[in-house]
Structures are given as C-alpha cells and as structure tokens.
Amino acid sequence: MATCWPALWAYRFYLIVLCLPIFLLPLPLIVQTKEAYCAYSIILMALLWCTEALPLAVTALFPIVLFPLMGIMDASEVCIEYFKDTNILFVGGLMVAIAVEHWNLHKRIALQVLLIIGVRPALLLLGFMLVTAFLSMWISNTATTAMMVPIGHAVLEQLQGSKKDVEGGNNNPTFELQEECPQKEVTKLDNGQPVSAPSEPRTQKTQEHHRFSQGLSLCICYSASIGGIATLTGTTPNLVLQGQVNSLFPQNGNVVNFASWFGFAFPTMIILLLLAWLWLQVLFLGVNFRKNFGFGEGEEERKQAAFQVIKTQYRLLGPMSFAEKTVTVLFVLLVVLWFTREPGFFPGWGDTVFANEKGQSMASDGTVAIFISLVMFIIPSKIPGLMQDPKKPGKLKAPPAILTWKTVNDKMPWNIVILLGGGFALAKGSEQSGLSEWLGDKLTPLQHIPPSATAVILCLLIAIFTECTSNVATTTLFLPILASMAQAICLHPLYVMLPCTLAASLAFMLPVATPPNAIVFSFGGLKVSDMARAGFLLNIIGVLAITLSINSWSIPIFKLDTFPSWAHSNTSQCLLNPSNSTVPGGL
C-alpha cells in the first residue's frame, strides 16, 4: 500500500483527466438541457484549468469538440471565436513588443531612467518600480521581470561590496558586474584558522542589506503586475475583458478601447504603484525616511557605486542603432494612433476617415497594431547600402528586416492566443445555450446589496482566486457570470467587470501566482512568508484603489451611472426597477 501512493501521485494528472469527465457525467445525464450541457463543459474546463492537469491552451480547445457534440453550437461558429479582433490586437501588440525586446530598446529605457532618478535606497526602489511598470505597459510582465531582476541584483551586489570597502577603509575603483554571490566575511588569525567576525554594526548592516534586497526583488515583480493593468494590451486579462464585452454585447459601440481603458486604468496604476512603493519602503527599509533617501553616514560612497554599475551597463549598450531608432518611432506612432483612433472627447481619425454608413470606425485597435507590425517586417534593420556577405566575399547581402518571422515565431506565446479563443467560445456557448440567462435569474437577490459593496466583495474573491489560478483562466471563467449578474440586477456590466479584471492582476502573495513572482523567487533571498506578508496588505490596498477608481473618474468615462441600452436582457424588468439602474444611487 505504501508504494501505491507514490504511483498515484506520479500519475495524478492522467487520473484527473480520466476521472473528471466521468465524475461530472450525472449533470448532463439527469438534467438533459442545453444549459446543463454547457455547465458540464464549463465546470470540466474550470477544474482542468485549476489543476493544470492539461496545458491551459489544450483545455481551451475543448469547446471545439464538446459544443457541437452536445448541440450547443455549430463547429463553424465555435471556431470563429478563436480568432476574433481581440486576438488580432493581442498578436499585433505582441509583435511590436517582440521588436522592442529583440533590439534591446527596453533595456536602454530602463537604464536611462535609473540614471535620471538616482540610486538612493528609497529612490532606487521607486526607480525600479517606475521602469518595470512602464515597460510592463507595453511588453509582457514576464519579459520585463526577467530583464530587470539581473540588473537589480547587480546593483545590490555592488552596494554590498561598497559597504565592505567603506567599513574596511578601502576604495573600490572598479565597478564591474559580479556574477557570483559575495562570500561570507571572515577574519583569519596568525595561525591561518578562520573565525567569524562578530562585529555587531556589520551584522546589522548585513541584515539591512538583506531586507533591502528582499524589498527590491519584490518591488520588481509587483510593479510588473501593476504596470500591466495600465494599457489594454499590457496584460492578457484586459484583452479577455474587451473580447468578452464585444462577444456578449455586440451593440456596445466599442465602449472598451485603448483610449477609454487608459483613462480608467492608468490613474489606478499610478495610485497603486505609489502606495506599493510606500508600503515596501516601510516594510523593508523602515520609517527612517532621512536614511531611506540616502542622507546617512557613508551613503554617498554606496550611491556612487550603484550609479557606476548602471552607468557601465548603459555604456555597454553603445549608441542607438538605426533599428532601435526605427522601433522607437514606430512604437510612438502606434501609441498615438491608438489614442487618436476613437478618443471619445473629440472625433478620431477612425470616425472621420474610415467610417461606415453609421458613422462608426471600420478600423480597430487591432488594425493599427497589425499595420505597425507589417511595417516592421518591411523596413531593414540597417541603413541600406552595399553590404557584403562575410561568408561569401564579393557577394552583396541585404540586412534583415527589423522584425523577422523566425523571431516572432520563437517569442510569440501562441498558447495564450488559443487560451483567449477558448474563453470567447465559452462565453458564446454560455449565451447561446441559455446558461447566462439562467445564472442571471439566480443572482437577482444581489440587487438588494449596494453596488459598491458587491464590487468590493467580487474583487476580493477574484484576488484570492487568482493567487492559485492563472489570471487569464480566472477572468475567462468569471467575466461571463458577472455580466449575467449585472444584467439581472440592472447594473452597468462594466461596473463589476472592470474592477474584477484589474483584481485578477493582484497576484502578490504566492510565488506560483504569476510568472514575475516565480522569477523573483527563483533568484533566492526570499521565503514564501516574506512574499505573503508583503502581498497580503498589497492585495487589500489594490482592492481599495480599484474601488476608488470605479466609483470616481471611471463613471464619466464609461457612463457607469446609467444602465446602457446595449446591455438590456429584460427591458421591462429594468424599467420596473429604475433605482437599480444607476451606480451612484446605490453607493
């Protein structure tokens, strides 16, 4: 029997995949309705996503098989959901991000900002957080963290080395990056036998450095998650929301676009980032703000050491290449086109130049992203000239384009594209089967709870759930249910969908919650308890910041104070309950 458990554990994923469908079979066999069939599919996929018995993208393919066989949707209708406009926006945005990463433009931006902000302890934390958050707005959180953590550790090692030299009366003329961790300090007697140096001030300095190292590591992974919420393409849950809104409410008039999302989420990100900086500063640096800002004894020497590390890394990048300059121009052009396509407060180029009969823009944010990506495939990475092939002297060779398909194929997370499509297919199947309407009817008692309280409770639920489940899977599962609930109680759907989408990015407590946390944890120096202690209060702060945003500046942006006509599932019910159709009345 003792040898049975290791075997079961080793084959646990196979057992889960085989047993789960059988265990859930009573639901469709006893309740033979389309709603039950769809519920069976959703519960099965939710459990597989939570356990990760199959890769997330593989589970996302289940609707292609289950929905046609159960009579929920035609196969052709299901497959369309896997490559919608939101998927195109995701692919196009990632292509631009891949170009930025491929030509090291993100590293140049990071080092330049750190040189400007300075390297005093509190400012160093702020500098790393600002840079990481800004980069996470445009490229993946994982790539940003993977780049920033080594830079942070190089600075920390130089700071530690500088401390030792200052205490020992030595100078540190060289500031090269150290790849190995500094050895433990020992002193030797005349006989050559090492003994520990029980210097109390030095022990205290070592403890301070360790706490500062923990704080810097956590500030990088936390700001990567926080920064991703600021833009529509910053992290995948944001795109899941846009896709779900467009799928569930086709007549919404493109209410969630790049400009409207930025107006809502960017101020939220700034507030949360500053509060996170203050919390991490207090937790790991203490409340001696004079010392935190570098006015203590010997701080100038340490500051110069860290500054030289960053300056050396920046110098190694060399001057900006033609490719970097081109990517910068195209990146800025992309952002400008996104903002001006349909800004909302003045007619955009999409509404005026490319409008249809109804006056609506025929171009989308995905159109812009793909256009800029195509340009990157056309422009050469070097100024055209008479270049010779080094392998074949005398033969001319054209430089590669700024973006090549090999580069894109190697770095593009195609699994996320499929995962997005699976979420949209689930939402569509839930709508067509009638499951969404059934859930909405069951959730009508929530209309007696104030909307603000409902939003807070749901945010806390999502924030807890996302600690142990992929944030993409979390939003994919919950957003259709939240939309149905909002329709049933005549509440603006975005009033609950927007904050819960942001809450899915509040994965601060566990290393397994999100890849940036795992990357930082893998570098060492952190325990799970350290991350949980810092992340618990940060989760609470995040929910409060989101609650503030959804009840203030978000109301005029998305018109959250009314129940929109495009969200009516039962018009007569909403007309009979007008008190529930406005957010401020329930606050």
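Cβ atoms here come from the backbone N, Cα and C positions, even for glycine.
On a predicted model such as this, the values are computed, not experimentally measured, just so you know.
Here is what Swiss-Prot says about this protein:
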type     : residues : note
REGION   : 188-208  : region 'Disordered'
TRANSMEM : 13-33    : transmembrane segment
TRANSMEM : 53-73    : transmembrane segment
TRANSMEM : 86-106   : transmembrane segment
TRANSMEM : 136-156  : transmembrane segment
TRANSMEM : 264-284  : transmembrane segment
TRANSMEM : 329-349  : transmembrane segment
TRANSMEM : 367-387  : transmembrane segment
TRANSMEM : 407-427  : transmembrane segment
TRANSMEM : 445-465  : transmembrane segment
TRANSMEM : 477-497  : transmembrane segment
TRANSMEM : 506-526  : transmembrane segment
TRANSMEM : 535-555  : transmembrane segment
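The transmembrane segment (506-526) shares the most Cβ pairs under 8 Å with 136-156, out of the stretches 86-106, 136-156, 329-349. Put simply, of 86-106, 264-284, 407-427, the stretch with the most CB pairs closer than 8 A to the transmembrane segment (329-349) is 86-106. Among residues of the same chain six or more beyond the transmembrane segment (53-73), those with a C-beta under 8 A of the stretch's C-beta atoms are 12-13, 16-17, 20, 28, 34, 37-38, 40-41, 44-45, 79, 81-82, 414-416, 418-419, 421-423, 425-426, 428-429, 432-433, 470, 472-473. Listed by sequence, the residues of this chain that lie at least six past the ends of the transmembrane segment (86-106) yet keep a Cβ under 8 A from its Cβ atoms are 135, 138-140, 143-144, 147, 232-233, 236, 239-240, 242-243, 246, 317, 321, 323-324, 327-328, 330-331, 334, 364-370, 372-373, 376, 381, 402-403, 407-408, 411-413, 416-417, 420-421, 424.
Beyond its flanks by at least six residues, the transmembrane segment (367-387) meets 88-89, 91-93, 95-96, 99, 103, 233, 321-323, 326-327, 330-331, 333-334, 337-338, 341, 396-405 of its own chain at Cβ-Cβ distances under 8 Å.
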